[in-house]
Each structure stands twice: as structure tokens, then as C-alpha cells.
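Undergrad: Quick one: the structure is below, and I'll ask about it shortly.
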Amino acid sequence: MTESPAATVTNVLLCGIGGQGVLTAAELLAQAAVAAGHDAKKTEVAGMAQRGGVVTSHLRFGPRVLAPAIPDGEADLLLGFEAAEALRWIGQLRRTGKAVVNGLRVKPPVVHQGLFDYPEDPIGMIRAVGVEVRVVEAWDIADSLGNHRLMNTVMLGAVSDLLPLSADDLRERVVAVFRARKPALADLNARAFDAGRAAVTAAPEPVAAG
Amino acid sequence: MNALTDIAVGGRTLFSGNEAVARAVWESGAALATAYPGTPSTEILETLARYPDIRAQWSVNEKVALEVAIGASLAGARAFCAMKHVGLNVAADALMSQALAGCHGGLVIAVADDVGLSSSQNEQDSRHWGRFAHLPILEPAEAQDAHDQTLAAFELSEQVGCPVILRLTTRVCHVKTLVTVGERQAPPARGFIRDSRRWVMLPSNAKAMLPRQDERDATLTALSEDSELTTLLDGIDRSLGIVASGPAALSAREALPDTPVLKLGQTFPVPVERIRAFSRTVDALLVVEETEPLIEQELRAAGLSVHGKDVLPKHGELSVAVLRRAVAAWRGDADSVGAAPAPAGPDPSVFPRPPTMCAGCPHLSPFYCLSKLRRSTLIAGDIGCYTLGAGHPWQAMDTCTCMGASMTMAQGLAAARSGEDATKAVVSVIGDSTFLHMGMQGLLDLVYNRANVTVLILDNRTVAMTGGQEHPGTGFDIHGAEAPRVDFLALVKAMGVKPDRVHSVDPYKLPELFQLIRAETQVPEVSVIITDQPCVLTDRHQPRPALKVVEEDCTGCGGCINTGCPAIQVTRRETTTTKSGKTKELAFARIDSAFCTGCNACVETCAPNAIVPLDPSAHPRLERV
């Protein structure tokens, strides 16, 4: 009678800031997981988080997903859209988990107002706890392609080879969505996806935990 | 062609709980659906508006939404309304009395509780309303349940003749998962039954309904005992049995995969005998419910020995990690507690990133002005994006309780202030949609009782906090079609605010706004100042060319930082000593042109006039350059 589906479920935690396209990226990943024949659950806390606040989206897929949220410490993959946000949620990763993190640093108004400090080196702090982290400068890549809204597609490209899903299928799904809604942006998103994928492959091997 | 109705019947599609409820309402053949937007329920009506053959509309508040739905039910149609938990408090007057009279066409009320308070002022458990009103409650655990239970709710409503409450939580509303859909049923034609003894709630009529309500309670209990919506997820470890409702049932299953779980679908009336039979198959019984111990207390009253909130937290989400640790600690299983991953949560050493107002938000300058008048004012706030005015850097709000309370609480503050507050001006701050929802009566009461309050209506022409919905002040309906638009100036004058005390002002003209607020707070009667610029997240907003800070001219005064605009950033800090010997912190600023909307509100806050257009030729509005 006993079922233990949790062991076969892949947990992806996406995190960032309201307005960065975190939820759209999670939606595309969820659709790709379903298209690959998985059961899936995707959840986030919307509402006030839309206003420049902390945003997380949980995606779980496998033969059967029960609880909607990823249990603490069981994320297999963390996709961080901002460096300090990745640090904020790094404790949600398994010991064997991996992180793909945008090097972008966005200081919130409370930091500009002098109430709090932004960490000197959030990615270094993630490495210091022994997490395998790959950094992608998604903002710069999106900028070089002419539109910083491409950042979430760059991030999807960056994570595409680390998922138990076909990277090419995910790419096709992203491009298809834009082809349907904004055809002018389809090719640009394809380039953004490829650039993200290439950037993370080229990233230096993570420093071993000390 | 409609992407929603084109989904193959029996096909599986990725739906949120809200989308699944909407689909099922459409499938039920319902003729009408109403709501006022409220997280986490908003998307139900937004989705329903995209289906054909059903009248979906925003109501001005939840009481209105429910009453319109009741009317449609009495006319014989299936009807639906949705609201967030606190919305049902607003609708409670209609709920309590119509519950006694019952309904005709199936009537389903979806109420979404914000377990964990992601975007709400309280964490109330709306299942109390079902008990209070003698109405059945269904509780889905995920989107497929939400779909199936919505259809079952319409059936139950017509079978028993009363409204049915579909109790959702954030982790149902905002979780997407695969849902198998069905086809739309032919709307049943019942017609209105002219029967004043049934629909006119005179004391004599209502009194006659009480015994019938008792009979209905008994019927509902019998139906709940046999409900197919309740299922057993069996397990081999009989040392414990779990009785659970909502998404916590799935978390319990994942946390304790060998433990049998009786997953309740209809949770009120509680199927006590079915649970008693289940309890005989296990050594101990644990009730897992969010958030209050309602089922637990009723089982205990029925003589069952159960655990619940003695083991589990009394508030917040009962997630897998929470359940694992609580049960391990309860069992005294130190190894198990140690083996369970510690609740990781966010890294507490990372700075907080609270929600902020947007760059160019038309609410920035009103709160900047209020922050400058802070010592001489008491400020009663209301529910909306502008509640963020309580936070940094403005800290310009003293109270916020519920929809519309800014004006009424301001009146009480003005009437009873004493001591050093006696000379302070009382200001209330409310948004356009909140004003129409429950604020109008408060303003009428201010005028009628000759109060001395300055009212700021921040009209950004949308329900901004829930994602930009239409309302009677926007001129558009839920489908985006043109609709009659209320004239706020005429409305407040019609309520009796003196015409000289009513002002409309462009909030981007900060000096003008500041002078107006300061002047009106010194007039001892009701004043209304309406700020009129659209929300920057809507299509109505027209961004202007970006501004920049001339680096060599910036003196580090920090004036622009105090607007709270997130496009303004500090590049460096310095400490200096003034002539009088005081140390002063300087903050030198830049404007991020990627976010700046060119609203100009910060220009006048800059002491050395260092804020100029990024491209001077593209910015004719700025005369200073």
C-alpha cells in the first residue's frame, strides 16, 4: 500500500523579485514538465509580492506530486534571478542540490535608504556553504540582445541542461509561446535561450567546499 | 474560437485552483457569477469572464456580489460568487438571513482564506461562517478537487435548497496542477417561485423557517456521512490515523506516507460517525486542518479521543516540514526530529525586501507630503497598495483595519483625540476602488456628523493591489468594454462636502499637492482631495522620458530618496559636519533610467535642482532646464 512518490519528484525553486518574470519562467517549466508526461504542481505566493518584493515559485514534477510546496531543504535545483535572493533561499536546497544564479544585484529601497546592507558577495556566500553554483550574467546578456525583459528566457536557457527534461523541447516551448503571442520576439527569445545555455556551460567549475 | 472552451472534454490541462473553479462554474450551466477582487480569489472571476454563455461581473463589494447572486438563484438560475475571506465578513448580513430562507437555483459561494497571510490583514478561518449560518462547507485539496467539488456544490445546493460554501485556501487558489475537465451542462430552467412567505424575511415568515432549518441540518449531516467527496488514502502503519482537510491532507500524506489519511471533502457538517468508524482502525487520531481546531473540537464534543492543535501549530500553513517535525516531536522521536530537515526558511541574515510602491507610482507624492506633515497629523489609512505608505521611508500611516475604515476611524480619532494630539489634523487616505467598495458611507457619515477630517482619495483608476481590475470608477467592465463611470467630484459634492472643500489635483505636481494638503488640514471641516493619475502598471499610464541626476550638482541632501521611488538609488554615502557642529549623513543619488517613468515628482524635492531630463530635448514638461 505504501507509496513513496516524494523520492521520484524533482523540485525546482525559482526565486527573485516581483516584476522579473519569475512566475512566467515557472509556468513555462511546468508546461514543459507536463508535456514530458509528468504530474506537476506549481505554486507561488502572489499578491503583495508583485510590488518589488520577494517572489518564489515552487515547481514539483514526477509520477505523482502530493504537497504543493517544496518541503524545506528538498529543492533539487535553485534558479535565482537575483544574487541576494538566491542567498536568501539557499537553505531550501538539498545537500546535493545545484544553483543557477543570475549575477545581477538589485538593492531594494530599504538598502538605498540606509536601513540595511546589501551583502558584499552573495554568490561567494552561497559557495561558502558548499553549494554547487553556476553564475549567469542574465541582465547583461539580455541587455546585449537589446531588451532586458529577455532575462527570464536567458535564465531558462541557463538551467535547461540541468533538468531531467529535454532542453531542446523547453527551448521550442518558449519560442512557441512567443510565436503565438508576440511573433516579433520569437527569434530574439530563441537567441536569449541559447545565450543563457551557452553562458552557464562556459561558467567556471564551482569551487569545492572548503 | 475560445482557448478555454476548446479544451477537449476529458482532457487534462494545467489549471490553478481558481481556474478550475471557474471552469466548473461554467460547466455547471451557471447563468451568473459575481465577485469583488481579493487575493487569493481574484482570478476566479477574471477567468470566468473569458468563458461564453455566462454573465460574469465585478461588483462594488462582496455584500453586493452575494445579493446579486442570490437574486439570480431566486430567479431559478445557477449562480456563483467569489470573495476572499474578509469579503465574507462584508457579505455576512446577506449570508446569515438568506441561509435561513435558502435558495432556488444552485448557489455556490467560494471563499478563499489566506492561510499564512500572504496578502491580507488577518488569518480568519472562514469555516466558522458555515457553522454560524447552518450552511455546508466543501474543502478541496487541489485544483481537481476544486473543479469536482464546485460541480458537487451546485448539485448539493439544489438537492438541499441552501447556498453551499466552497472553502479555498491560498495553496489551492494559486497552485497549478493537472485537471480533467468536462462539458457545459444545459442550464436548468426553473423560473422564479412567487412565494412571499419564503422570500420575504418578515419575523413571522422567518420564525416558520427555523424548524425547517433544523430538518435541513439533519439532512446535511446524513449527506456528509455518505459523501463521495471524502476518501480514504490507506496506509500500513495503524499506530496513527489522520483526519485532514484542504491542501494539508496532501502534505500529511507526503509527510507520513505509511499513515492512513481520511481526506474529508465535505467538512461541515462533520461526518462524525464515519470518522468514529475510521478511529476504530487506528491506535490514535490526529486532525490536520487549517487553521482553527473546528473539526477537532466537534469530534471531541462527540466523545472521540483526538489530537490536533495540541500537536500542530495553531496558525499558518501545515506544510510537509511543519507536519514532520510536529509529529516527530509529539512522538518523542528524537532521531526522527533530528533526521527531518530543519525548517530552512529564508536566510535571516539577508536584508528584508518588502513590497514597494512602483517607480513613478502616483501614490509616492501624497505620502511624501504626508511624511513632511507627520508631526502635525494623525493619518487613518485603508486597504490597497497605498497601505505601503505605513512603511519606509514615509511612515505616514497610523491605522489600517479594513475596507473603508479610514474615514470612519478618522472620525472617531478626530472626535476623541486629546493631549498633544488635540491640535493635530486628522487625515484619511483611501483609494478609488476602496472608496466605492465601503468608503462612501464613511464619507457621508463624516459630513452628516460635521467632522473635521481631510480625506485623500487616491484615484489611480484601477484595483491596483490585486493586479489591475476594473470598477465603477474606471469606465470599463470586466471584459474591458466601456461602462458608465462614476464622477468622484460630483459624488462627494452630492454627499454634502462643500464645493470649496473639494479638489482634484495632479499628484505629479508635488508642490501644488503639498500646499493643498497643508491648507485643507487647517480648515476645520470635511475636505476631499482627489489625486488623479493612473496606476503605472496599467495601460492607461503614459510613461514620459526618463530623468537623471547631474552627478556634479548632487549635494547628497537625500531629498529625492525620501520620495520612496525605487528608481532612485544611492551611489555613495558621506558624513559631514555642519557649521553648527552637528554631523550630517549625506546620500548621493542616481536615477535608474530603466525604471524612471519621468513623472517629475522627485524634481521639486532636490535642493540643488540637480534632477534633469536624461535627454533634454525629449522632455518639454520640465521647464527648469
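Including glycine, each Cβ sits where the backbone N, Cα and C put it.
Automatic, uncurated: that is what TrEMBL annotation is.
Feature table excerpt (TrEMBL):
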type    : residues                               : note
DOMAIN  : B:545-573                              : domain '4Fe-4S ferredoxin-type'
BINDING : B:CYS554, B:CYS557, B:CYS560, B:CYS606 : [4Fe-4S] cluster 1 binding site
BINDING : B:CYS565, B:CYS596, B:CYS599, B:CYS602 : [4Fe-4S] cluster 2 binding site
DOMAIN  : B:587-616                              : domain '4Fe-4S ferredoxin-type'
Undergrad: Whose Cβ lies within 8 Å of the mean position of the Cβ atoms of B:CYS554, B:CYS557, B:CYS560, B:CYS606, the [4Fe-4S] cluster 1 site, other than those residues?
TA: B:VAL549, B:THR555, B:GLY556, B:GLY558, B:GLY559, B:ILE561, B:ALA589, B:THR605, B:ALA607, B:PRO608, B:ALA610, B:ILE611
Undergrad: Take the domain '4Fe-4S ferredoxin-type' (B:545-573) and average the pLDDT across it for me.
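TA: Mean model confidence (pLDDT) across the domain '4Fe-4S ferredoxin-type' (B:545-573) is 94.
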Undergrad: Other than B:CYS565, B:CYS596, B:CYS599, B:CYS602, which residues of the same chain sit close to [4Fe-4S] cluster 2? List them in sequence order, counting a residue when its Cβ is within 8 Å of the Cβ centroid of the site.
TA: B:ALA359, B:GLY360, B:LEU364, B:LEU547, B:CYS560, B:THR563, B:ALA567, B:ILE568, B:ILE591, B:THR597, B:GLY598, B:ASN600, B:ALA601
Undergrad: Would you list, in sequence order, the binding-site residues among B:CYS554, B:CYS557, B:CYS560 whose CA lies within 10 Å of the CA of B:CYS602 ([4Fe-4S] cluster 2 binding site)?
TA: B:CYS560
Undergrad: Given the binding-site residues B:CYS554, B:CYS560, B:CYS565, B:CYS599, B:CYS602, which one's Cβ is surrounded by the fewest other Cβ atoms within 10 Å?
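TA: Counting other Cβ atoms within 10 Å of each of the binding-site residues B:CYS554, B:CYS560, B:CYS565, B:CYS599, B:CYS602, the minimum falls on B:CYS554.
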Undergrad: In whole Å, how far does the CA atom of B:CYS606 ([4Fe-4S] cluster 1 binding site) lie from that of B:CYS565 ([4Fe-4S] cluster 2 binding site)?
TA: 13
Undergrad: Which residues in the same chain, at least 6 apart in sequence, have a Cβ under 8 Å from the Cβ of B:CYS557 ([4Fe-4S] cluster 1 binding site)?
TA: B:LEU586, B:CYS606, B:ALA607, B:PRO608
Undergrad: Just to confirm: which same-chain residues, 6+ apart in sequence, have a Cβ under 8 Å from the Cβ of B:CYS596 ([4Fe-4S] cluster 2 binding site)?
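TA: The answer is B:ALA359, B:GLY360, B:ALA546, B:LEU547, B:ALA567, B:LEU614.
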Undergrad: Ten-angstrom check, please: count other Cβ atoms within 10 Å of the Cβ of B:CYS606 ([4Fe-4S] cluster 1 binding site), all chains counted.
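TA: Within a 10 Å radius of the Cβ of B:CYS606 ([4Fe-4S] cluster 1 binding site) lie 22 other Cβ atoms.
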Undergrad: Roughly how many angstrom lie between the C-alpha atoms of B:CYS560 ([4Fe-4S] cluster 1 binding site) and B:CYS599 ([4Fe-4S] cluster 2 binding site)?
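TA: About 13 Å separate the Cα atoms of these two residues.
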Undergrad: Sorry to bug you, but what's the C-alpha spacing from B:CYS554 ([4Fe-4S] cluster 1 binding site) to B:CYS565 ([4Fe-4S] cluster 2 binding site), rounded to the closest Å?
TA: 17
Undergrad: Could you state the whole-number distance in Å separating the C-alpha atoms of B:CYS554 ([4Fe-4S] cluster 1 binding site) and B:CYS599 ([4Fe-4S] cluster 2 binding site)?
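TA: The Cα atom of B:CYS554 ([4Fe-4S] cluster 1 binding site) is 19 Å away from the Cα atom of B:CYS599 ([4Fe-4S] cluster 2 binding site).
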Undergrad: Treating G and I as helix alongside H, and B as strand alongside E, what does DSSP give for the domain '4Fe-4S ferredoxin-type' (B:587-616) in helix, strand and coil?
TA: 4 helix, 8 strand, 18 coil
Undergrad: Count up the helix, strand and coil residues in the domain '4Fe-4S ferredoxin-type' (B:545-573) according to DSSP, in that order.
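TA: The composition, in the requested order, is 6 helix, 10 strand, 13 coil.
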